[in-house]
Structure formats: C-alpha cells, structure tokens
Amino acid sequence: MGLPGNFVLWMMLACCCGTAACSLCCKCCPKIKQSTSTRFMYALYFILVTIICCIMMSTTVANEMKTHIPFYKEMCKGIQAGEMCEKLVGYSAVYKVCFGMACFFFLFFLFTIKINNSKSCRAYIHNGFWLIKLIVLAAMCSGAFFIPDQDTFLNAWRYVGATGGFLFIAIQLILLVEFAHKWNKNWTAGANHKQMWNGLLALVTLLLYSIAVAALVLMALFYTRSEGCMYNKVLIGVNGGLCLFVSLVAISPCVQNRQPHSGLLQSGVISCYVMYLTFSALSSKPPETILDENNRNITICVPEFSQGLHRDENLVTGLGTTILFGCILYSCLTSTTRASSEALRGIYATAETEVARCCFCCVPDGDADAEEHVEKRGGQTVVYDEKKGTVYSYAYFHFVFFLASLYVMMTVTHWFHYESAQIEKFFTGTWSIFWIKMVSCWVCVCLYLWTLIAPLCCPTREFSV
C-alpha cells in the first residue's frame, strides 16, 4: 500500500477511533466545518435507527425475509428471537430500539453539559470516536431486548415516550413563533434604511394570507358536504376564525403601543401553519362512511381523488414516510443552533444589531471564526471552526435528539393505537393522530397570542421578541 493509501487508512482510523473530524475522501467536495461534520454524523445515526424502526413495523419486509432468507426459522431460533423472529418486529421491538437510541442521546446530553470550548476532553469525545459510538449505540439498542419484566417496561416507557413526543412538538411550535417574530424584526430593521424592505414585507404578507385563504376555501370544498362532516365543518370554521382573531390582535392599537414590531407578517406565518395542521389533521382522521341509495358503504368528507391515491399503499407509505422523517430531521438540526437554544431561554438579538437579509435564518453560526483553522489533508477540506468556542450548545443538541427519538417511536407506532400499527398503514388515519395535530394547532395559536398580550398582562416586565 502506497503513501496515499496509508494516509486514507490513517484518516479513517483517526475519524472512527480518534478525535479527527469526519470528512469525505474526495477533494472535489466543498469544504466542511467541524461543527457541521459532527452534527451530520449524529444525524446519520438517527436516520439509521429510524430506518430500522420502520423495517420492524413493516409486515411486507417481514414476509419478504421469511420467503427469501434461507434457514430463516432456524436463524430466528438460534438468536432466541422466537420461532419466526416475532420478538424483532412490531411495536414492542420499536419501543426497545428507540429506548436504546434515547438513552444514547440522553447520556451524551448529561455528558456534554456546560461545555464552552472544543478543547476539553469531553468535547473531543463529542466530536470524534465515531466507530466506538456506533458500537455503543448498537449495544444499547440490542441490550433493551434483555430488559426483564417486558410488559411493565413497555407500559411505563409508552408514557415516557408520549411525554417526550409532546415536548418535542412544543419546542418546534415555540421556535416557529420565534421564527415569525425574528423574520418580521429583521426585515423591519431593513425598512428603516431602504424602502425595498417595506415592499418585500407587504408582498410576502399578501402571499402568506393568500395561501391561508386558498387553503381554507379548498378544505371547505373538499372536506365538507351539505349533509354530515360536522367535525370538519366545526374545525375548519374554528381554525379559520382563530387566524382572523390573532391577525386583528396583532394590529390592534394596544398591542402596537407595546410592540411596534408586531404586524401581519407574523400572523400570516402562523395562519399558514394553522391551515397546514388543519389539513394534516383532516387527512389523518378515520374516514366517515354512510349508506348510499343502493345500501352500499361510501366514504365521505374526503376528496375523491385521495381515495385513488391510497390504493397504492406502498408508494404512498414510502414517499410519505420519507418526507415526514426528513422534516423531523430538519427540525432537529435547525432546532439545535445556538440562536434557537437562546430563543427558548428568551435571549434575542437587539434591534440595533439586526442586519436585514433575505435569508436571515440561514446565516451560519460562528462565521467570524469560520476560517480560523483549515486543514487540507488529501480529502475533503475540514474547517475547524470551534477553536475559540463552541458554535452550538452540545447538551441542547443531544437533548433535542433525545426528544426526537421519543417522537419517532410514538409516530411509527401510531401513538396510542400501537397494537394494530403497521408502517404500511401509516397514513390510514387514527383519532389519536388527528387530535394530536389539532391540539398542536391550538397550542401554536395560544403561544403566538401570548407573545402579543404578555406585555399588556405584565406591564412591569421586559419582553423582547
């Protein structure tokens, strides 16, 4: 093996079993920051376990394995997984695997508390030793299958999972409200210097309300009918009324006096999200059926074209699951920036330091130190951007992934309809998923409304959004 081969092997060992940042071998790849590389690797672990959970909930995959794997029955008995590996499939197996992943991230959350620079021993462990950490993660996921008194464990862990899942949803809702306020504040700061930003504010606000109104009209057309569909009619009406109410509150004189930055842009963002959650909830509701004139059961209160889409269950499930977990992963990564963790603690940038940008939310952390130390060692260029300090909270990062592990566990197993859950019926619709989405919608409205009226209720306190 020549020098390049030895070098590549050394880099692989340094990344997997040492403190070096992970990077690709190809020089043509764009340079990557150490902080980004670290988050990418943890996200890769998260994706890997999530895929395993989906496979465990798939009857199609289980049947294909029974058919095509030789000596399948003997292999299952050999690893003591039951006669047909029934211990490795179903909701109980997903609970155990997610228990291992949640423990992995929770231990790292405790391990990385109060790390302020990347030169400490704990920071080196957080940013390296990837092969060792993968082995630890696999051992934790496997070890959960040997927990004694499985029934008690599963019942208790279900409530822990539900609590963590709800907390994960709450964090996303808080950050959505914070995003809306930050967007308006950033562009309003630009309007003080250039009138172009006023035009952009008006254009985007009009676009957001157009989308919200169009969604409301389309849901009224496709999810209601003259007879029946009472749930749909009430919820569409209530949620549409809530959007109108928060919009009026946002521009009311009493709110404007206390919060000059409050406006229709924030309420437009919230209205669009409320309409999305309403649509998602109505799509997740169990279908309503009535007898037609020929005494045949027909499904009502859903668009006719959607009934045809659900015939190809594998396509709908595969595409829908990929999009859903892609959104979960995106939420995890965007929720773990330093700005997001500070927002949850009520720390915001002052208006004087705001610089208006079209893509203000995509400004990377730690730009000032990004080029501090660059290493070019044959493969992808690694920028060590944490020499002076961490650019994100390590502990908060792991805590969000801990909650995301619980959210994935509950989502894959259909929350409180776990006994009949299958990944192929992921989008069939259950009442628990329907009400979780509707409650999330109302919590989002309440959070936004509180940010508007809190300065009025507590005039002696200082609020900054």
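The backbone N, Cα and C atoms fix where each Cβ goes, and this holds for glycine too.
Automated prediction, rather than curation, is the source of TrEMBL annotations.
What TrEMBL lists as transmembrane segment is 6-30 (among others).
For 42-62 (among others), the entry in TrEMBL reads transmembrane segment.
Marked as transmembrane segment by TrEMBL: 93-113 (among others). Cβ atoms under 8 Å from those of the transmembrane segment (93-113) belong to residues 45-46, 49, 52-53, 56-57, 87, 122-123, 125-126, 136-137, 139-145, 147, 154, 157-158, 161, 164, 394-395, 397-399, 401-402, 405-406, 408-409, 412-413 of the same chain, restricted to positions at least 6 beyond its ends.
TrEMBL lists 125-147 (among others) with the feature transmembrane segment.
Per TrEMBL, transmembrane segment is recorded for 159-179 (among others).
Listed by sequence, the residues of this chain that lie at least six past the ends of the transmembrane segment (200-224) yet keep a Cβ under 8 A from its Cβ atoms are 184, 187-188, 191, 232-233, 236, 240, 243, 263-265, 268-269, 271-272, 274-276, 278-279, 282, 301-303, 358. Annotation comment: TrEMBL describes 200-224 (among others) as transmembrane segment.
TrEMBL lists 230-251 (among others) with the feature transmembrane segment. Counting only same-chain residues 6+ beyond the ends of the transmembrane segment (230-251), those with a CB under 8 A from a CB of the stretch are 212, 216, 219-220, 223-224, 262-264, 266-268, 270-271, 274-275, 278, 281-282, 285, 301, 438, 441-442, 445, 448-449, 452-453.
Among the features that TrEMBL reports, transmembrane segment is placed at 263-282 (among others). Nonlocal intrachain contacts for the transmembrane segment (263-282), taken as residues 6+ away from its ends with a CB within less than 8 angstroms of a stretch CB, comprise 176-177, 179-181, 183-184, 187-188, 201, 204-205, 208-209, 211-212, 215-216, 219, 223, 232, 235-236, 239, 242-243, 246-247, 250-251, 434-435, 437-438, 440-441, 444-445, 448.
Per TrEMBL, the feature transmembrane segment maps to 315-333 (among others).
For 394-416 (among others), the entry in TrEMBL reads transmembrane segment.
Among residues of the same chain six or more beyond the transmembrane segment (436-458), those with a C-beta under 8 A of the stretch's C-beta atoms are 169-170, 173-174, 176-177, 180-181, 235, 239, 242-243, 246, 249-250, 254-255, 258-259, 262, 266-267, 270, 273-274, 277-278, 280-281, 284, 415, 465. The transmembrane segment annotation in TrEMBL covers 436-458 (among others).
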